[in-house]
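Read through the structure below, which is laid out as structure tokens, and then see the notes.
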């Protein structure tokens, strides 16, 4: 059937014990726009990395048939040579170089060993015309908007005689207008015979542009929908994306009792001057005493940014709106102010900005509350060991001693150390950002148990999570975020996977 | 058997901490043999320690700067410049010595803080900003010494800082009594702290080393202190330089290992983002560390100027590199977050011992540089290898 430019057959890929892809089959016909859809962690990016040679031949199982022959890409440049180009969400441009230098970076127009800059500029202009970008090729890329930068990336791909163009969430950072332009360009390229795979979370876009759409879930192909047969619709896609039974690993809390509002934010907006865009827009949200509030949404929807803007604003966003802690308006100049007000934030990236990996467990546990083990600024070492031992036991941290270096612990145990550090501060409100990412089921269950215990002790929790099962299993109320806005608020009784996904992909 | 087993495992766990001391011991023993004991003579050890003073003080400050992932290249000429200012105040302005010293120390803090602001608030890489400061201080030093050339200081108390010794009160078998008493006091304090540490640990019902190991450690360390005291007392006794150096080490050791401030410094060094999210004011810590570096540069300048009894136009040349080398030999990691003040002092003494020993043996200066370079490289290689093994 049909003329396939690409067939990926029975692709499986494992990361130390975790199956990221299991027998994935994926077929793309020549000249079509094929959308790849799935939740965070469904395996879309992994599949594209296998295709482009980021994970070289031999590290996965299965066959890649491109242009009729089985390929064994050992590195990215092999796939580029074959005519495959990927454009990632985080653009891979050199901001301080000019447009023409960027288009031909790694693919220089040269005469012998010498770069021919004049011909480079001529070629660059040609490529820019193709993508419909009207800028001076001698401009620096950083002076262009994100939408135009994206077009430069596409021009770069075209300069390499691309046959198959892969776009990873190309419109995630674009405004409406730029998005529309980009989709028009893709349609134009299709006319010129370029095949395109697009990963997207925005279902409206998918419906408007896709000839076919393949849904991945938990590393498996669920279905391929054909637009010409009218199969691509929001309901069908969402059903296929989420249609998974929630495993019952969520411990129940029998008697729920909610008190007054611990935290409330009103018309809260945050502007990131470095990125030049609004990361949170007019957010209204509150948490009651004894409540677990889930914030669902896809990656890049602004959840982490919102949490940081509340937690003392370490990224120095420009803030607007009101923040109330237990009914009193507050402004936090530094994270230490937020901590003092009783807020704790357990980061999403525990290795990057959560833990002191070269230090031991006890130093990590005490790091945010050294005054709790010191008098007059002098630390009581023994008290510190005692505290660390207490958390090691109550959090089930598996390590020979509290002198163990945290960098040597497993992900789950690191997460518990991170949690322990914040519990020692004694917060009223705990913000957990992806509390169980990358940790095994056993440790997950332990963390859920700890969460419930904290709630019973009168704490409140905001849980940011991309895992719908976790959101539905643990929360008392759910907010759904997308594009920096709260798209909806659902009491847990009314929330289900379809509803959340619908709001998150608006 | 059990005793040996415990000792072995202790050595294994702490090999990196002991590595420096072992290296120093090997170097000293080697030179003693090669110079027929001349190296370990009272006179040589006293001179060696006195000559290390101004570098060692800088190395202590540099340790903290490197721990928070920065560098300060300006400390050498900053020391030279502040030494010259001290000389001017004493000789031309007629400011008494008890005012001059606090003024210079305060000036050092201000200068250091200024560096800190450039690095932390303006965001200039410390390598560049301190390189600029280095050039500025070099020029400033030339400027203030231009008219007079070398400024000779005739102030007795000031010159005593770099050349004087604590009074001896009386001689016992040719040894300085007060220095001996000081040594005894240090030993008593050491034993007291060890016992109180052990008692407190027992109170918390924590594991402690066995009594025999504990006793062995106390006897061993006390013997070393006694031996050093005995050597030093045999010449002129403890010099003021050594006393100041000891005080700086004790204060900074306490500050870095026992206080909240110290913890914050190491937290910023090991992960600045995590430190910020833990409520630590990273900028404030940067100011403090650079401020302390400025303070110690001023102290170093005072020590050096006093030692020469004059301010010269080239004072401070290459001090910064000696201090950085001492810190690295002492086990500081360029990746940040790792490094001890005591290690850096030992590092400074190792480098000084190499110079002194090779001078005694009559090794040419060209070889001396190469050997010291080799030792620096070897120390860092040892550090990297043992670190890998642990991770």
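Positions of Cβ are set from backbone N, Cα and C atoms, glycine also.
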- Message: Looking at B:51-71, B:261-281, which stretch does TrEMBL describe as transmembrane segment?
- Response: B:51-71
- Item | Interface check, the transmembrane segment (B:345-363) with the transmembrane segment (B:51-71), three or more C-beta pairs under 8 A | yes
- Message: Please report, as numbers and ranges, the same-chain residues at least 6 past the borders of the transmembrane segment (B:20-39) whose CB is under 8 Å from any CB of it.
- Response: 329-331, 343, 346-347, 349-350, 353-354, 356-357, 360-361, 379
- Message: Can you tell me which recorded stretch out of B:51-71, B:117-137, B:214-232, B:238-255, B:369-386 has the most Cβ pairs within less than 8 Å of the transmembrane segment (B:77-110)?
- Response: B:117-137
- Note on the structure: Here the stretch out of B:51-71, B:117-137, B:238-255 with the most C-beta pairs under 8 Å to the transmembrane segment (B:285-306) is B:51-71
